[in-house]
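The structure appears right after this line, and notes come after that.
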Amino acid sequence: MKKLKLHGFNNLTKSLSFCIYDICYAKTAEERDGYIAYIDELYNANRLTEILSETCSIIGANILNIARQDYEPQGASVTILVSEEPVDPKLIDKTEHPGPLPETVVAHLDKSHICVHTYPESHPEGGLCTFRADIEVSTCGVISPLKALNYLIHQLESDIVTIDYRVRGFTRDINGMKHFIDHEINSIQNFMSDGMKALYDMVDVNVYQENIFHTKMLLKEFDLKHYMFHTKPEDLTDSERQEITAALWKEMREIYYGRNMPAV
């Protein structure tokens, strides 16, 4: 896409939001409580702040304010307000390609923000536990939240991911013509690394004329030991392993497709 010469500030709002899910099987009530406590500590407000702060660095934003809170009995939230760093628009890469995977946070922006909320959940019957994190990165100007996509999925190891990206508003070029998007995109997947795409089955639902893009991701490989909390698969009988595998897979498909499915 040809670079635009703008009149004034770039008034486009670009919003990236996604839900990530981690699924676990905990055999007893004590194990379920243990999983919730573990995941609640793993994704506490301090760690989420670190992840979101690095996200700000990746997209090229200055942190203006950070608000964070851990909740009882569980859950956490972080909100960061950010401002765009001084940057030459000519240096902004607007092509479709994956963002970085740095080895390394949430804050307040003047016109942009990053926020995350966590939702640990379990049910006394069936032994299934889920952890959900809702994340939104919304920016104004030339910086793009898509740069942070690769990093966030990598940091928040996920079994299922649903992603939405939309562009709203318009900006004008020096001739007064309105532009409702300022970069090329035909799929969110184009901003993921090949290694990331190899791990997941993915489906797109896009409404190009409305600048709305949606991608769903489901982890391809199923290894039962990855989903067990304080229980080893080899300590279970064959029938128990089959029953737990079926329950986990059904849970994952229901979350992925967003509907309840009949028992097989």
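Placement of Cβ uses the backbone N, Cα and C atoms for every residue, glycine included.
Under the heading active site, schiff-base intermediate with substrate, Swiss-Prot lists Ser112.
The active site, proton acceptor annotation in Swiss-Prot covers His117. The Cβ neighbour count for His117 (active site, proton acceptor), using a 10 Å radius over every protein chain in view, is 18.
DSSP assigns Cys140 (active site, proton donor) to a strand. Of all Cβ atoms in the protein chains displayed, 22 besides its own lie within 10 Å of the Cβ of Cys140 (active site, proton donor). Per Swiss-Prot, the feature active site, proton donor maps to Cys140; the stated evidence is sequence analysis.
The pyruvic acid (Ser) annotation in Swiss-Prot covers Ser112. Ser112 (active site, schiff-base intermediate with substrate): 27 other CB atoms within 10 A of its CB, across all protein chains.
You'll find the Cα of Ser112 (active site, schiff-base intermediate with substrate) roughly 6 Å from the Cα of Cys140 (active site, proton donor).
Cys140 (active site, proton donor) sits 22 Å from His117 (active site, proton acceptor), taking the Cα positions as reference.
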